[in-house]
Amino acid sequence: MTRSFLTGTRGELLGVGVLALLVLLVLPLSLDVFRLNLVGKYLTYAFVAVGLVLCWGSAGILSLGQGIFFGLGGYCMAMFLKLEASNPEATKIQSTPGIPDFMDWNQLTSLPWFWEPFHSLTFSLAAVVLVPSALAFVIGVAMFKRRVGGVYFAIITQAIAAILTILIVGQQGYTGGINGITDLRTLKGWDIRTDEAKLVLYFVNAALLLGCILLCLAVRRSKLGRILVALRDKEDRVRFSGYDVANFKTFVFCLAAALAGVGGAMFTLQVGFMSPSFVGIVPSIELVIYCAVGGRLSLLGAVYGTLLVNWAKTSFSESFPELWLFAMGALFIGVVMAFPNGLAGLFQTHVVPRLDRLRGRGLPPVPGPTRMAAE
Amino acid sequence: MTNATDFLLSVEGLTVSFDGFKAVDDLSFYVDENEIRVIIGPNGAGKTTVLDLICGRTKASGGSVKFRGKELTAMREHQIVHAGVGRKFQNPSIYDDLTVFENLEISYPRGRSVWGALAFKRDAAVRERIHEIAEMIFLADHLEQRAEYLSHGQKQWLEIGMLLIQDPQLLMLDEPVAGMSVNERVKTAELLNRIIADRSVIVIEHDMKFVEDIAHKVTVLHQGKILSEGSMERVKNDPKVVEVYLGH
């Protein structure tokens, strides 16, 4: 079998190194704080895309509801920040000082019980990971134990995304409604709105993303990673090799949800608010598109896909706002029809063989379908 | 009625109906330790369904399947595998995207829980066992090859190997030589003869020559019921069998 110097553990680590160089050095040096903050926002979506690579790419479980988990993570963070911003001092003009402003507008006179624990930063940070994965666990057990899969699973995740949006919008007094949770100011007294804070948060976010990618690489290199590929291919064979397939699917779905939650929390911190517009069906599908464009089999590809599509979205919708949705739809169809493995697939078939030749190893290009499919 | 605990597998009164159609109807048979049982019968006789019922893929409407005294009909598929029943499917069911080595590794009976699989280490014992099995199934030179690129016969062997590595007490093979070349068929018979030591095997097969070579006992199914049972010699001369099956 032909092996390129870019495949295998060394190649993957090299790829992570290049990405680290890009997000930690090249981008910060070449962009102003405003643009860098924008990139930071895009990178929070990359957490979801990376999770989708494991869940959809490796295990074949397409979730069209990752916005749910992104949103839950974001809301957990926003609830903490909102409580800090709503100290009695800052809210003394309200009829009930000390509760978030939107609650006061909605005639609530005390903080709802489920908001109470979000006074604690430790609890909130834990919730960012645990709330999304707990919901994913419930959905996973309910669906996978009953052997619901494929399109049906995708539709159900979409329905849940829609339900959650309606719930958040409808329960205005508890959630901030359609506006979301806004006007977030400080984290333990540290103002997150300054340029300096944005720079720090950008680096925290980038480092976390790189950490998550390394974690996913480790998962994929474990036997569990190979079992995920196996069950995408022949679920029955895995079952009759003595594995409880539902547990594995639930695990990877929970992992993807936890990653999405981290992304959502970092979004809230960098952008300064969270709203239901990041929870529903449309954002969930956009997240899948980022992953598909980048290549659903490649963790790094998903990051580049996210950056590229968002960059295109920003520049395109600045000039032709009404055309962007059509362009994205066309992009998705184009990618699925012509390049099912996305940018990473193109890289693997066209760039890698050339790089190998440049290194003078004289390796012939990988014939036919590449090793990508298993990765 | 014989005492059920003497047998490795005792199937009693097994019935399954799909929308009123009884695919398997009040079926009873017993498999001894180290016995090779071949099930034959015309298309639609319910042969594959019987295997599906034993391994838990299909839920029985009635009756019992006891394996070493354990009731299998109440267990889930992976538990049945853990109990020591291995099943090979009719079409080669292997993981195309993984290498031969990885295919065998996944079937290695360790680290079968989520956390176990995360912590699983490819240690010397694993490698050794995989090499041993690969040797046995004629794939020692193909370990690093993607399973997708194997020939049909090699895929069948790989799946048999994936079962062997689990070391099941009861091995169920659904048409293991179907679609194989003459050469591959000979090798497969040789392989089967080698692996049946220390375990019982239930084989579904159409190839009469092959059946004659390996069977200890033959069960003939027809419309979900047993038409005849016994040695190949006896079954071959049973007029009922000749009429529905062998005569064609």
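Heads up, the Cβ atoms here are built off N, Cα and C, so glycines get one too.
Note that the structure is predicted; figures quoted are calculated from it, not measured.
Listed in TrEMBL:
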TRANSMEM  A:13-31  transmembrane segment
TRANSMEM  A:43-72  transmembrane segment
TRANSMEM  A:121-144  transmembrane segment
TRANSMEM  A:151-170  transmembrane segment
TRANSMEM  A:199-219  transmembrane segment
TRANSMEM  A:240-267  transmembrane segment
TRANSMEM  A:287-311  transmembrane segment
TRANSMEM  A:323-347  transmembrane segment
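Residues 68-69, 72-73, 76-77, 79-80, 153, 156-157, 160, 187-188, 245-246, 249-250, 253-258, 260-262, 264-265 of the same chain sit 6 or more residues outside the transmembrane segment (A:121-144) yet have a Cβ under 8 Å from a Cβ within it.
Just going by CB pairs under 8 A, the stretch in A:13-31, A:43-72, A:151-170, A:199-219, A:323-347 that sits most against the transmembrane segment (A:287-311) is A:43-72. Across A:13-31, A:151-170, A:323-347, stretch A:13-31 shows the highest tally of CB pairs under 8 A with the transmembrane segment (A:199-219).
Same-chain neighbours of the transmembrane segment (A:43-72): 23, 131-133, 135-136, 149-150, 153-155, 157-158, 160-161, 164, 168, 205-206, 208-209, 212-213, 216, 219-220, 225, 228-229, 231-233, 248-249, 252-253, 255-264, 266-267, 270, 274, 276, 278-281, 283-285, 287-288, 290-291, 294-299, 301-303, 305-307, 310, counting only residues six or more beyond its ends whose CB sits under 8 Å from a CB of the stretch.
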